[in-house]
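Engineer: To start, I am sharing the structure in question, which I have written as structure tokens.
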Amino acid sequence: MRLDDLLRGLEVQAIIGDLPAEDVRGLVYDSRRAGPGQVFAALAGAASDGHAYLEMAAKQGALAALVQRPAEVALAQIQVPDSRLALAMMADRFYARPSRHLCLVGVTGTNGKTTVSYLVESLLAQRGPAGLLGTVEQRYPGKRRASSMTTPESVDLQALLAEMLGAGVKGVVMEVSSHALEQHRAAGCRFDAAVFTNLTRDHLDYHGDMDAYFQAKRRLFNQLLPQAKRQGKDPAAVICADDPKGSHLAGEATGLHLRTLTYGFSQAARVRGISPVLKLSGGRCLVDWPAGSFEMSTPLVGLYNLQNALAATAVGLALDFEPAEIQRALDAVPGVPGRLQRVVGAPGDPSVFVDYAHTDQALASVLAALRPLTPGRLICVFGAGGDRDQGKRPLMGRAVGIGADLAVLTSDNPRSEDPLAVMAMVEQGLTATGSRLVRDLDTEGPAYVSEPSRAAAIELAVAAAGPQDVVLIAGKGHEDYQIVGRERRHFDDREQALAALGRRHEGEANHAGA
Ligand SMILES: CC(=O)N[C@H]1[C@@H](OP(=O)(O)OP(=O)(O)OC[C@H]2O[C@@H](n3ccc(=O)[nH]c3=O)[C@H](O)[C@@H]2O)O[C@H](CO)[C@@H](O)[C@@H]1O[C@H](C)C(=O)N[C@@H](C)C(=O)N[C@H](CCC(=O)O)C(=O)O
Ligand SMILES: Nc1ncnc2c1ncn2[C@@H]1O[C@H](COP(=O)(O)OP(=O)(O)OP(=O)(O)O)[C@@H](O)[C@H]1O
Ligand SMILES: N[C@H](CCC[C@H](N)C(=O)O)C(=O)O
Ligand SMILES: [Mg+2]
């Protein structure tokens, strides 16, 4: 494809030099990959600025560059107001607009994106091969890759959608993070439906304040859905009515003449869950919506997961699925990797769950879900990630202080920070609830132990738990690594928990063998 074809419809401020007539072989945003035939997009970033690498791209023989500020280099440059947005639109065109030919569902919100995505994937799979991309993995029938980002950069995203389409995929569900919305990574996507789960505190290191964070999420509804509508789709806005920002969004979506379907347990919800019943084997409720009512159930545990199942149900109804098909799809998802994932030991062992809760709201929700299922003590192993929102740390400590009987405060991914400094910030919230620092868990709660080694923290909790106790290991979920400094070491909470459960029986084996 020629460069001038790729630029059609784009807001171009200036063209510096002559546009090369050769075919574009690829679009890149990292100068290290900017070789012959490649258009290099200079992106202004947080750590560095792509404009500093224009010289390098020129030397490597790049075809042209997409810039916000032209530079004195021997390279044709296309000046645009926002190179991330322009790159996204060009990527859509370069990969022959894959989202036009797919049923594409986007999921945003602070918590629940990954979970809802697995449920929607199962739904889409009822009608043909389905694809999923999000925090854990990118997959479609016959192919799977672990993810490095929740929502890939626009070029990688469009390449993946094109790959899925080429492999016969009909429907794709994708998590759309607030970072992605802020950076226009999904700008070239035409959605058939978009879901908003909730908005609570996270990522303020990046967005600055809650309003900016909400404005980023809002783009999916007030920019991307109207764009899909203008281009011939009839997209649905599927919005949680139990969240205050959800009601706001739903009003706005209706005002934009989008098909709007609210869901939740509150009276205002159009797809409304009534009389929820929650058990260790899952949850169920009656779903009432304008066209009738039906029973709905999910093997996933906890009220918030029943709410996630309602989100998927509302997507199904918006896409004209029958309640029986929706139920089949929900039944087919017994669990989501690293989300309330049970680590099964021997009979008589305590129940151990690994979960991805890394915000105060998520911790409060998951502890509330486990409380009624805990005959003994609820023990929570947790920490907060380094180089991420610092303000959420004491709030996370507070949520655990309130929701758990006993806690082991430990390290998450410290990244460039001192793990003890991160833990001290979490500890402020924990102690504010009246939880006291103790040496071991052989005590009455509320109390906590401080143990910077995550492996030792898991060992401590699992060893101390009795058969009636429940251990929640929160924060890292599916992650099979720990980021310490710049190093990414293998570390998996599930493996650690399983080994710790095994060690509870080491003495017994020796005894039996003797
Ligand atoms: C804060 C954030 O979103 N950062 C992302 C952003 O980085 P940035 O724009 O700040 O990039 P930068 O490192 O400053 O570099 C600027 C530009 O110079 C380029 N460069 C750099 C060096 C060089 O030699 N040559 C060169 O061309 C870079 O490729 C880049 O295009 O764009 C980069 C390219 O796409 C991403 O890799 C990077 O993700 C980093 C790794 C990251 O950690 N992102 C996280 C916070 C994130 O996006 N998370 C969300 C999920 C959050 C959630 O689950 O709720 C996600 O969607 O994954
Ligand atoms: N609807 C919900 N409301 C509140 N908490 C939830 C909800 N769904 C999941 N959670 C909690 O949040 C954690 C993260 O859930 P999930 O991975 O589905 O969300 P996510 O939005 O994809 O998160 P991330 O942005 O980190 O990828 C879960 O492990 C659980 O503790
Ligand atoms: N996608 C989230 C995941 C956080 C998971 C937690 N383990 C941490 O490292 O903080 C983020 O980047 O903020
Ligand atoms: Mg996710």
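Cβ from N, Cα, C; glycine included.
According to TrEMBL, the feature domain 'Mur ligase N-terminal catalytic' maps to 24-95. Positions annotated as domain 'Mur ligase central' by TrEMBL: 107-315. Annotation comment: TrEMBL describes GLY109, THR110, ASN111, GLY112, LYS113, THR114, THR115 as ATP binding site. What TrEMBL records for LYS217 is N6-carboxylysine. Under the heading domain 'Mur ligase C-terminal', TrEMBL lists 338-477. The annotation meso-2,6-diaminopimelate binding site is assigned in TrEMBL to ARG388, ASP412, ASN413, PRO414, ARG415, GLY475, GLU479. The motif 'Meso-diaminopimelate recognition motif' annotation in TrEMBL covers 412-415.
Quick one: how deep are these features, and who are their neighbours?
Structural biologist: For the domain 'Mur ligase N-terminal catalytic' (24-95), the DSSP-based tally of helix, strand and coil residues reads 25 helix, 17 strand, 30 coil.
Neighbours of GLY109 (ATP binding site), defined as other CB atoms within 10 A of its CB across all chains, total 26.
Same-chain residues at least 6 positions away in sequence with a Cβ under 8 Å from that of LYS217 (N6-carboxylysine) are, in sequence order, THR108, GLY109, SER178, LEU181, PHE196, LEU199, LYS245.
Taking Cβ-Cβ distances under 8 Å and a sequence separation of 6 or more, the neighbours of PRO414 (meso-2,6-diaminopimelate binding site) in its chain are GLY385, GLY386, VAL422, ILE483, VAL484, GLY485. The DSSP secondary structure for PRO414 (meso-2,6-diaminopimelate binding site) is coil.
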Engineer: Out of ARG388, ASP412, ASN413, ARG415, GLU479, point to the one nearest THR114 (ATP binding site) in space (Cα versus Cα); all of them are binding-site residues in the record.
Structural biologist: GLU479
Engineer: Which secondary structure state does DSSP assign to GLU479 (meso-2,6-diaminopimelate binding site), in the simple three-class scheme?
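Structural biologist: DSSP assigns GLU479 (meso-2,6-diaminopimelate binding site) to coil.
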Engineer: Consider the binding-site residues ASP412, ARG415, GLY475, GLU479 and say which one has the Cα lying nearest the Cα of ASN111 (ATP binding site).
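Structural biologist: The answer is GLY475.
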Engineer: Any residues 6+ beyond the ends of the motif 'Meso-diaminopimelate recognition motif' (412-415) with a Cβ under 8 Å from its own?
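Structural biologist: Same-chain residues near the motif 'Meso-diaminopimelate recognition motif' (412-415) but 6 or more away: 358, 382-388, 422, 454, 475-476, 479, 482-485.
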Engineer: Cα distance, GLY475 (meso-2,6-diaminopimelate binding site) to LYS113 (ATP binding site), nearest Å?
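Structural biologist: For LYS113 (ATP binding site) versus GLY475 (meso-2,6-diaminopimelate binding site), the Cα atoms are 15 Å apart.
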